[in-house]
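*Asks:* A single structure is presented below for examination.
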Amino acid sequence: LRIRPLTQEDLINLPSRFQRNILSNSPFTPNQVIVHGDKKLTFNFDYVFGPETQQKDIYDTAVRNMVDKFLEGFNVTILAYGQTSSGKTHTMGTSDSVSSNQESRGIIPRALHTLFSYINSTQFKSRKITMKVSFVEIYNEDLIDLLIEGEDENRPQVIIREDSKGNIIWSGLQEIKVNSVEEVMGHLTRGSLNRQVGATDMNSQSSRSHAIFSVTLCQQKQISSNGISSPTAFSRPSTPLTPTKLGSPPSRRLSKTMSMSLDDGEWVSITSKFNFVDLAGSERLKRTAASGDRAKEGISINSGLLALGNVISALGDPSKAKNTTHIPYRDSKLTRLLQDSLGGNAQTLMIACVSPAEYNISETINTLKYANRARNIKNSATVNQEESGWNDLEHLQNLVLKLRAEIKSIR
């Protein structure tokens, strides 16, 4: 939970009788927040960050260890949830750029700096690493690729599919290969400029869509026969060194390479995905004074968040968890996209952002209840690892030849 400070805008725009701070947390119970309303309500979270908390503190305490999990091969998702103008985009850093102030940088740029510092270290020199990024928004229940240039009608349609293993795949989405923090931040800035924003009575730069910035990391590393990563810094060739036909005996040079690979250990491929989700703010039309298209956007935003709430309730209810119950993932594009992250194969962190002003008490309590239910969800995350080359026909052909030669020598 992150409690934002009262801003100058709050002091100007909110009625003075409703500017009282209704949230408090005690140094003796740092993970607990107390709401001082008509009734005194208490909520517990894994972390509670007060108004004075800096961006760096949030990253170091809650996010840094998730970057380590991502490098190990786990899928990771971080969601920012809360009412309009509660500080979600600021916390996530979705609108940050390379020139942004270091102190105010959000989670995304900090996570990317950590990632590239690891990847460029000697520990990862022996691995073959590829990193790709994508940026998609859900606007009025349409999926829009924010990294593709050109007019809307010329953009390929983004479709959600499910593979044979139950993993969610976004077909038609452009994934751009990146090699540095500056490249990633450039794409993030470009995508953020394409994102739908608009002014409402509650926020002059209100996000009118849910945005998901994804980083996909593909690693190829060598595992020795005893299961320990080998430090050897060479990679298995993707094509044979000399052309061979299926059924013909392997050449001496190829046999030598194969035996080297066998002695040094197997190459495994690890693919992990990091989703940074900046949800649009939940809002009451009465408070935002939205009309026309703005009102339609608000209705669409709220319906997506309602579907997300229903999924969280179904997953987080201990009584339902014991029985096989229907999880309504297909009720919205947002929940379908996040199917892996909620109750699936991912390490997931939800950051609930709230305003401490008495004027926003009903939205704040709703956010606290929503996030509290999400704490009950149990994900079972596993490392996405498989032997390298299973999708490479030539590698599989060579493997058959190698095994034939071994069987022949044993006979």
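Glycine is no exception: its Cβ is also placed from the backbone N, Cα and C atoms.
Below are the features I grabbed from TrEMBL:
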DOMAIN    1-377  domain 'Kinesin motor'
BINDING   Gly82, Gln83, Thr84, Ser85, Ser86, Gly87, Lys88, Thr89  ATP binding site
COMPBIAS  226-242  compositional bias 'Polar residues'
REGION    226-257  region 'Disordered'
*Asks:* State the mean pLDDT for the domain 'Kinesin motor' (1-377).
*Replies:* 80
*Asks:* Quick check on the binding-site residues Gly82, Gly87: which one has the highest count of other Cβ atoms within 10 Å of its Cβ?
*Replies:* Gly82
*Asks:* Test of understanding: give the count of other CB atoms lying within 10 angstroms of the CB of Thr89 (ATP binding site).
*Replies:* 26
*Asks:* What's the number of neighbouring CB atoms sitting within 10 A of the CB on Gln83 (ATP binding site)?
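*Replies:* That number is 23.
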*Asks:* Tally every other Cβ atom lying within 10 Å of the Cβ atom of Thr84 (ATP binding site).
*Replies:* 23
